[in-house]
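Enquirer: The following block contains the structure, expressed as structure tokens.
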Amino acid sequence: MTQIDINSVSKSFPVQGGRLEVLDGVSLGARSGEFVSILGPSGCGKSTLFSLLTGIEAADSGELLVGGEPLSGDDNPFAWMPQNDVLFPWRTVLDNVALGAEVAGGLGRADARARARELLATFELEEFADSRPFELSGGMRQRAALARTVAQGRDVLLLDEPFGALDALTRTDLQLWLEQIWERERWTVVLITHDVREAVLLSDRVFVLGPRPATVRLELEIPLPRPRTLETLADPQVAALEHQLLTALDVGAYRAG
Amino acid sequence: MRRLGRLLPAVIVIALLLVVWQLYSTLGNVGNDLLPAPTRVASAGWADRSSLWDNFLPTVREVALGFAISLAFAFLLSILLDRSQTVRRALTPVLIGSQTLPIIVLTPLVVIWFGFGLAPKILLVALVTFFPLLVGLLEGYASTAREAMTLMQTMGAGWWTTWRLVRLPSALPSFFTGLRISVTYAVVAAIFAEYAGAELGLGIYMQSAKNSFRTDLVLAAVVLCAVLTIALYALTFALERLLMPWYAQSRRAAS
């Protein structure tokens, strides 16, 4: 029901003296309950893709289908999680999470807070319900931001480089935590990232975008068994998959050529 | 005890200024009538305290009413300007123009138009104080994080919801900066308006004291004005703590 199909979508922007082609016939998708990553270099049009998905921009050509129906602006199925947590300092952690349920989910204040309280339990943040965001560590803040995203009650989570601003250790820690919680909840997730390890560790499928104008260079199934844990990183398949993805991204190519 | 410790430097500076003033007016070559010593200002002020008080209250009332109107006006206008680029383009020149009106010329005119009553004072206080409030609000709205706006957009929030939940709270720190600037103008504006014509008020009190060469009473009224302004300024901090308890805490945590 929440299957996402993006069929040969193109998008360009007017610039001085012509048009900037950003997406050139991009096709990708996610099945219901699937964890999909979109991997690409910076500036490759990942964020343009994101504005198309969230309905902020319209595609020039191609189809964006949700459950077989064209994507509509009023009933957008994507809940966006930004890179910087965007937790509001004037709200408690609980009220920040409730914001998602209140604004996007259309719940009344009391219901929204009740929903937020449930989510805080799931996200192991109960004891920080009444804290202010600045009292939380970076990792906890991202967890709260994810809780707010889930609180929106939408079908698909659109995670936009969610751990990009964290230090490497906290990032790995949160990736493993996300894997754990995803095993339980089985949300449909579209993760936008430039972290190859993250894509391999978390995804069922990875789509690699090339530089602008972006096309899908590689679609790769990640056959690693679940649940994935720290031990998964010792699996020789991981190195092979990372190598395959990095090759598709042309990483290191300038030195060879 | 710690609060007292923080006030101490200000108290010492004021005390030193008073001592220098006292010495200069008693030992210097100016007459005590031209520059009365602080002790004389205090005793003259005390002797005339009931009259000072009767003139103090109307000034406070004008400042309070003028400021209330100014606040309401600034908020309303800021919403309109934030809402529509067209309104912003249309009104900005007029608003800036309103700040170039020379108060010294405008005041007598306002008194001619509106008489000696409350109206011209309130009008002038509002005219002088609304601009820093408005600029503070507008700059504050503009400081809203882009990602926060995008988040609200992806959640399908309308303009009003976004303003109420994100733009207004984002604007509060900058609003309080504007508030502190404008609060220091408010008392001066009220005094000025009274100076041009009033029945009661510190401005008219100073004028009649000056006309009878009672420099000591003029200065006593000046002291009252300063006390009022300092009190208003302190009030903005109390208000800030009340409306944005998160602000000081998060700043302390960040440093």
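Each residue's number is its place along the chain shown, starting with 1.
Just so it is clear, glycine is given a Cβ too, placed from its N, Cα and C backbone atoms.
As listed in TrEMBL for this protein:
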- B:7-24: transmembrane segment (TRANSMEM)
- B:56-236: domain 'ABC transmembrane type-1' (DOMAIN)
- B:63-81: transmembrane segment (TRANSMEM)
- B:93-116: transmembrane segment (TRANSMEM)
- B:122-141: transmembrane segment (TRANSMEM)
- B:186-205: transmembrane segment (TRANSMEM)
- B:217-239: transmembrane segment (TRANSMEM)
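Show me how these features fit into the shown structure, please.
Expert: Note on the transmembrane segment (B:7-24): residues 30, 35, 37-39 of its chain, located 6 or more positions outside it, place their CB under 8 angstroms from a CB of the stretch.
Through the fold, the transmembrane segment (B:63-81) approaches residues 87-88, 91-92, 95, 118, 121-126, 129-130, 133-134, 137-138, 141, 163, 182-183, 186-187, 189-190, 228, 232 of its own chain, all at least 6 residues removed from its boundaries and within a Cβ separation under 8 Å.
Listed as Cβ neighbours of the transmembrane segment (B:93-116) (distance under 8 Å, sequence separation of 6 or more from its ends, same chain) are residues 77, 123-124, 127-128, 131, 134, 189, 192-193, 195-199.
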